[in-house]
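*Asks:* Below is the structure I would like to discuss, written out as structure tokens.
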């Protein structure tokens with residue numbers, strides 16, 4: 001019983017770490033970037049700071065022997081960092097160029113894109129129950145988040161790049177872990193330095209294009225520095241838990257159950273920042289949570305069906321082996337009998 005409970009507890013722990021750290025970093029960044037807060041409007045550069053701290057934690061872990069460094073080809077890390085950075089920059093540009101409603105729709109579209117890409121790349125199939133649950137989650141999150149929808153050509157292009165790169169990034173994380181037999185934190189330790197270096201080179205220029213402000217002109221107060229350090233600390237747990245969750249489950253599950261963070265952000269925004277919470281928001285959140293419950297049940301049901309199928313197949317093969325063995329024994333016995341009759 002203890003052996004059966006350990007994976008469940010660790011899975012729940014991975015999801016809890018991701019939800020808590022993601023919601024925490026959103027709340028910290030909201031205070032850091034808000035005009036009423038510290039007005040640090042350099043999102044891409046801040047992400048570069050996140051990966052610097054993550055890379056530093058990974059280096060310390062490897063140096064002290066807490067984790068083992070495994071080989072991953074540099075060109076794999078390089079193209080992965082390009083995809084990951086395009087995902088971050090594309091999302092920031094999509095938020096700037098599009099309405100909030102269209103930005104939320106583009107984030108919701110990541111789920112079907114991930115499903116389609118997993119089907120193309122890994123021939124993964126989904127049951128009707130899983131597809132229905134995904135649709136319910138998307139509908140619920142859409143109801144509670146999507147408001148005005150305004151589309152333009154540049155914004156649509158940035159949204160498409162962001163959705164495609166985000167989907168490919170999350171699928172690649174799982175593929176790398178299986179391909180190189182590498183753990184979540186070890187893989188993150190490999191990708192973080194490359195992402196940090198590239199984001200710190202591109203970030204200031206991307207942020208200047210986004211808000212027409214230079215990082216050199218920003219006045220770093222003690223409060224702003226404290227929130228930057230808090231954001232970077234939470235980012236380590238957020239990045240670590242993302243790799244951990246995708247490695248344990250799948251990119252699709254990470255996207256579907258990850259919308260629990262959206263629900264938590266809306267509730268905390270209402271509690272901490274006096275954000276409006278209407279009946280429409282509440283109904284949408286309830287529908288999204290219902291969809292997540294159904295999705296979890298559908299995935300578990302698929303696992304049980306596959307397990308039962310494997311057991312039946314194994315029992316059939318064992319039955320065939322027993323049958324062949326009996327025929328062989330009977331054949332040997334018959335030949336011995338005939339040989340005895342011939343001798344007599």
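The backbone N, Cα and C atoms fix where each Cβ goes, and this holds for glycine too.
TrEMBL: automatically predicted annotations, no manual curation.
Owing to the predicted nature of the structure, the values given are computational and were not obtained by experimental measurement.
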*Asks:* Please identify the range among 198-217, 218-237 that TrEMBL labels transmembrane segment.
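*Replies:* When 198-217, 218-237 are checked in TrEMBL, transmembrane segment belongs to 218-237.
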*Asks:* Cβ under 8 Å, sequence separation of at least 6 from the ends of the transmembrane segment (38-60): give me the contacting residues as numbers and ranges.
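*Replies:* Distant Cβ neighbours of the transmembrane segment (38-60) are 29, 31-32, 67, 88-89, 92, 185, 188-190, 192-193, 195-196, 199-200, 202-204, 206-207, 210-211, 213, 215, 218, 221, 223-224, 227-228, 231-233, 235-236, 239-240.
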*Asks:* Among the recorded stretches 12-32, 72-95, 101-121, 279-298, which has the greatest number of Cβ pairs closer than 8 Å to the transmembrane segment (218-237)?
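*Replies:* Ranked by Cβ pairs under 8 Å, first place goes to 12-32.
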*Asks:* Short question: most Cβ pairs under 8 Å with the transmembrane segment (101-121), which of 12-32, 72-95, 279-298?
*Replies:* 72-95
*Asks:* Could you please provide the mean pLDDT value for the domain 'Sugar phosphate transporter' (22-296)?
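*Replies:* Looking only at the domain 'Sugar phosphate transporter' (22-296), pLDDT averages out to 80.
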